[in-house]
Amino acid sequence: MAGCRELELTNGSNGGLEFNPMKEYMILSDAQQIAVAVLCTLMGLLSALENVAVLYLILSSQRLRRKPSYLFIGSLAGADFLASVIFACNFVIFHVFHGVDSRNIFLLKIGSVTMTFTASVGSLLLTAVDRYLCLCYPPTYKALVTRGRALVALGVMWVLSALISYLPLMGWTCCPSPCSELFPLIPNDYLLGWLLFIAILFSGIIYTYGYVLWKAHQHVASLAEHQDRQVPGIARMRLDVRLAKTLGLVMAVLLICWFPALALMGHSLVTTLSDKVKEAFAFCSMLCLVNSMINPIIYALRSGEIRSAAQHCLTGWKKYLQGLGSEGKEEAPKSSVTETEAEVKTTTGPGSRTPGCSNC
């Protein structure tokens, strides 16, 4: 409760406009602050660029936009992009520059970080369910998972993520409830509720992926039986196996990147944390940013359709740049006065058109 009294004194001094989220949360040394600034900046920029590239490839391809699977992947890329920008900026401002915000602005920032990471996990769950339906009900998959239903599922997931994440901004804060030792103004009971919600999402992902990977194993066995003869639908089976392995890799990366931070959050609910543990949590939190950075790499390396879209996009840009180069050569200055005078006589004759009009 001492933290609550400190908050009340701080907020009451200037109506909350000079709210400083407790110095006890700003525990990094100068060397650690430099490391956080460098790592967050580099990983945040790289992750943002990667996810923007994935979003652009999906949105610019009419074929990919029509497929529910890539709508879910696009949602994941969008959530990871927002997480990269919002988390990296706010993390550096808080731990490195010790930024001062009003109470509501601070809760808005931490709620935005929570929403983006929650939506990322939610998008991964929807992607897993999509693969589950594709492998378990292939004849009726297209009827079950339509583009409209995919958009509705994504809308519900994003709204639910936002609602849960912004509960502290809507009034669910600490004081008189016990404050979290890891997050200013966040009560332990809210943190417990959010951890339970994330645990449900992870349980769904693990169960779904386990079943998907088991089905993929069956498909591999089926491929081995028919490897010496052509079988209708064999290419589709190989696609499903490849996607299942990709999603299994994503799940493994997700658990490796998230488990340390989630474990320390749960540990903070039952015991008092030392500064060393809080410092460890600060760096473990950046593993979530690593997850956002790795996801698009996995898709780019393992999704043939996204690679094809990237090659098509690069070919288009190459032709465009070559066209600009050829236009520059055509507009090079004349080599002699006689050549220039001859062109002037030609363009000023009856019925002549200027170069600008000829392009219209």
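Counting starts with 1 at the first residue shown.
Backbone N, Cα and C atoms are what each Cβ position is placed from, and that goes for glycine too.
Taken straight from Swiss-Prot:
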- 1-33: topological domain 'Extracellular' (TOPO_DOM)
- Asn11: N-linked glycosylation site (CARBOHYD)
- 60-71: topological domain 'Cytoplasmic' (TOPO_DOM)
- 93-104: topological domain 'Extracellular' (TOPO_DOM)
- 130-149: topological domain 'Cytoplasmic' (TOPO_DOM)
- 173-188: topological domain 'Extracellular' (TOPO_DOM)
- 215-246: topological domain 'Cytoplasmic' (TOPO_DOM)
- 268-279: topological domain 'Extracellular' (TOPO_DOM)
- 302-360: topological domain 'Cytoplasmic' (TOPO_DOM)
- Ser335: phosphoserine (MOD_RES)
- Ser336: phosphoserine (MOD_RES)
- 349-360: compositional bias 'Polar residues' (COMPBIAS)
- Ser352: phosphoserine (MOD_RES)
Review point. Any idea what the model's mean pLDDT is for the topological domain 'Cytoplasmic' (130-149)?
Key: 89
Exercise for review: With DSSP as the reference, give the number of residues of the topological domain 'Cytoplasmic' (130-149) in helix, strand and coil.
Suggested key: 14 helix, 0 strand, 6 coil
